[in-house]
Amino acid sequence: MNKQRGTFSEVSLAQDPKRQQRKPKGNKSSISGTEQEIFQVELNLQNPSLNHQGIDKIYDCQGLLPPPEKLTAEVLGIICIVLMATVLKTIVLIPFLEQNNFSPNTRTQKARHCGHCPEEWITYSNSCYYIGKERRTWEESLLACTSKNSSLLSIDNEEEMKFLASILPSSWIGVFRNSSHHPWVTINGLAFKHKIKDSDNAELNCAVLQVNRLKSAQCGSSMIYHCKHKL
């Protein structure tokens, strides 16, 4: 009887294979979860760009700092923009200033060698200037300039006087008077309107340009002279 029961049990198990495949519910859910995690990792490895975008979105949503690479790129971008703005400003602004005579070296640029002036002469506005090195009396200086087809230095306006005083040493100018009782006149016989210092001294009857001012001096003194020739 016992042998029959044992045989029946073995036959029942053989005829019902589904019982052998049945597993506890707990094991089924555990295996399923593990398979899902493996599948998710494989997706992440296959799509690194999507994963990186997801991280950026997480940083943006949570208000956290971006990665160092992103900060470096942003800083370099700002530096490039500043440099480009500086270059554009230089390219546009400098020609504008030069065209409108705002350059600090405007006066120096006006005093340049010109093709219409003899060699070693400079030009300013519409005149050529000879820079003398010899010391002579006022009358000798007048004759020396005449031999150069020019006249002893003359002053037409305040701007010219300031310019010449800034680049030339003290020198005779073509202005004199016969005595302290006579007015100052140019070598062309025209009245000279600019103020000359020490005019009360009767022995000082020739004019000198000296550091942004005009001063009277003895005509027989030896001084440097400069000549002027109008174009």
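Just so you know, glycine gets a Cβ as well, placed from its N, Cα and C.
When Asn101, Asn178 are looked up in Swiss-Prot, the one carrying the note N-linked glycosylation site is Asn178; the rest have no such note there, which does not rule it out for them. Take the candidates Cys206, Cys227; Swiss-Prot pairs Cys219 in a disulfide bond with Cys206. DSSP labels the residues of the topological domain 'Extracellular' (94-231) in these numbers: 31 helix, 43 strand, 64 coil. Of all the recorded positions given, namely Cys117, Asn178, Cys219, Cys227, those whose Cα is no farther than the 10 Å limit from the Cα of Asn149 (N-linked glycosylation site) are Cys227.
If you take every residue in the topological domain 'Cytoplasmic' (1-70) and average the pLDDT, you get 50. Looking at Cys117 (disulfide bond) and Asn178 (N-linked glycosylation site), their Cα atoms lie 33 Å from each other.
With respect to Cβ neighbours within 10 Å, the disulfide-bonded residues Cys145, Cys206, Cys219 differ, and Cys219 shows the lowest count.
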